[in-house]
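First the structure, in the form of structure tokens, and then the observations on it.
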Ligand SMILES: *[C@@H]1O[C@H](CO)[C@@H](O)[C@H](O)[C@H]1NC(C)=O
């Protein structure tokens, strides 16, 4: 019967050996993960990839690129961060907040948005009923606690924070600072990202002022924008951070302003989108024109900034094609 075992079988058996060796290594990885404080789960940061992608595809946001890369580098390269990384993205609709956060997730976690360690919360989906606020508070706290116990390298993304019931996010406060202890894990390796339009009007106004003063858009620095954004959050009783202590206790590591987008930025978005769809370049100018024609600009007089950023680019392209 041995004669039946030809070269093909031999290589198959060899392969089996390799596979089981890999499986054993994988098991070991899992084992150390459930017991060690060094568990990194599927956290596989590729910061160079992220930097490249941002430089190529993110339209008109020099500050976002600088701040996010700097903040992430310092955090990821530190084996013992003193607190979780907490970032708050602010800006007008369609300026790239969701785009940047999904890009970030994609370059930080092997499985991207599908990773079991990436958690996305939206007020409309997860916390729709104001009268159930107490229930939501205890759920949210349990989820954060549970997920951090499973994996310290978790990412929590909170969408539309300006529509979150004020009072809900207060339960996060202990998790965002340096003093919370979660059994069996290093919760300080977690990342929290908050998205909101709050401060958007103020950012737009400052960008407009700069343009009117003939200052280069790239000259705008965080220091020019931060005070107005902080004030817009703290003064707004509808914002999810209202009296949560998050801003007051300085738990936000990075306030990231997204600037309003001009025509050439919208053009950039259209070109990205066409490339993403794998479409030929010939039609480019036509499509760009069609999208721009369908976009409203403000202020009335100067017609400078897109009123919904690049938000409708994708759907307009589909209409056009
Ligand atoms: C983790 O968070 C999700 C919500 O994103 C929740 O459904 C799940 O129960 C949490 N897991 C644990 C172990 O608490």
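Every residue gets a Cβ built from N, Cα and C, even glycine.
Marked as signal peptide by TrEMBL: 1-24.
Counting only residues at least six positions away in the same chain, the Cβ atoms of 159, 195 sit under 8 Å from the Cβ of residue 98 (ATP binding site). Residue 98 (ATP binding site) falls within a helical segment according to DSSP. Annotation source TrEMBL lists ATP binding site at 91, 92, 93, 94, 95, 96, 97, 98.
Residue counts for the domain 'Torsin-1A C-terminal' (264-318) under DSSP, helix first, then strand, then coil, are 29 helix, 4 strand, 22 coil. The feature domain 'Torsin-1A C-terminal' is assigned by TrEMBL to 264-318.
Other residues of the same chain near the ATP site, with their Cβ within 8 Å of the Cβ centroid of 91, 92, 93, 94, 95, 96, 97, 98, are 99, 197, 200, 258, 309, 311. Long-range Cβ proximity for residue 93 (ATP binding site), meaning a same-chain Cβ under 8 A and a gap of 6 or more residues, is found for 197, 200, 308, 309, 311. Model confidence over the domain 'Torsin-1A C-terminal' (264-318) is summarised by a mean pLDDT of 91.
Its Cβ placed at the centre, residue 96 (ATP binding site) has 26 other Cβ atoms within 10 Å.
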